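Beneath this line is the structure, given in structure tokens, with notes to follow.
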Amino acid sequence: LDCTVIDGNLKQIDAGSGSVVGVNNLNETFVLIDNVFTKISGSLKHFSVGPAGQLGVNTANNIFKYQSGGFVQLAGLLKQVDAGGDQIIAGVNMYDDIYCLNMDANNKWPSSNTPWVQINGKLKYYSCGPYSCWGVNSNDQIFIMKDVSSNVCSGSGSFINIPGLLSMIEVATDGSVFGVNSQGNLYQRTGVTRSKPDGTDWISMVACPNGHKHVSFDLGVLWLVCVDGSIRKCILTD
């Protein structure tokens, strides 16, 4: 990995659709503007950006979508939300229940109802890409949901366990999958394609000298939050 340090300190980062966002330990929200993490108004504990828009949740688990210059609340409660799917929203609540919102409902919003779809299972973290969603449960076991589309955000409806243990996982808009385990090690899933969305193996890589906390990938750039909160921007090298 070819990495550079970006000024700032974050606990969570997300890159998608050409944007990069994050939050710090004070739940202040940041957007990358001209390679500088710039504070914007609003308090969030998790912030996600992607084809579904800019979405976040606060410490009370309220859900917000950034719309015309400010955050507007969506109906429902989630502790973590993801905007990386094909205009679908996905996330998990405080009980590790899993929900998603189809493209039509997301794009029609704000409307009188927000028809969240519950997905069978329990996950503490859930992230979607163009054709699959990946998640981890409270035991750090890894699961994939296949056949996810903009109109069927729940996919096939049944999770498949993938060998390995991760504490967080992110699927990029191009389908790439990266994750971090509880020891702070960084992994990429190899062999991921539309026809084989679960890929083949985990390979480890190092971007942070003292361990990794959070990872996201977009447009060929890997964005890392290290254990100490410092930020790395890395280019994948063969």
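Note: Cβ is positioned from N, Cα and C throughout, glycine not excepted.
Pulled from Swiss-Prot, these are the features on record:
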DISULFID  Cys3-Cys234  disulfide bond
DISULFID  Cys100-Cys153  disulfide bond
DISULFID  Cys128-Cys133  disulfide bond
DISULFID  Cys208-Cys226  disulfide bond
CARBOHYD  Asn27  N-linked glycosylation site
REGION    1-199  region '5 X approximate tandem repeats'
REPEAT    1-34  repeat '1'
REPEAT    35-68  repeat '2'
REPEAT    69-106  repeat '3'
REPEAT    107-156  repeat '4'
REPEAT    157-199  repeat '5'
Task: Cα within 10 Å of Cys128 (disulfide bond) - qualifying recorded positions among Cys3, Asn27, Cys208, Cys226, Cys234 - done: none
- [ ] Check each residue in the chain of Cys234 (disulfide bond) that is at least six apart in sequence and keep those whose C-beta is under 8 Å from its C-beta; list them in sequence order.
- [x] Leu1, Asp2, Cys3, Thr4, Ala207, Val221, Leu222, Trp223, Leu224
Task: For Cys133 (disulfide bond), the number of other Cβ atoms found within 10 Å of its own Cβ - done: 29
TODO: Please compare the disulfide-bonded residues Cys3, Cys100, Cys208, Cys226 by how many other CB atoms fall within 10 Å of each one's CB, and tell me which has the fewest.
DONE: Cys3
TODO: Give the residue from the disulfide-bonded residues Cys128, Cys153 that has the most other Cβ atoms within 10 Å of its Cβ, counting over every protein chain displayed.
DONE: Cys128
- [ ] Anything within 10 Å of Cys133 (disulfide bond)? Look among the recorded positions Asn27, Cys208, Cys226, comparing CA atoms, and list what you find.
- [x] none
Open item on the list: For the repeat '1' (1-34), how many residues does DSSP put in helix, in strand and in coil?
Closed with: 0 helix, 21 strand, 13 coil
Open item on the list: Are there residues at least six beyond either end of the repeat '1' (1-34) with Cβ under 8 Å to its Cβ atoms? List them, or say none.
Closed with: 40-51, 54, 56, 58-59, 83-84, 170, 172-173, 205-207, 213-219, 221-225, 229-237
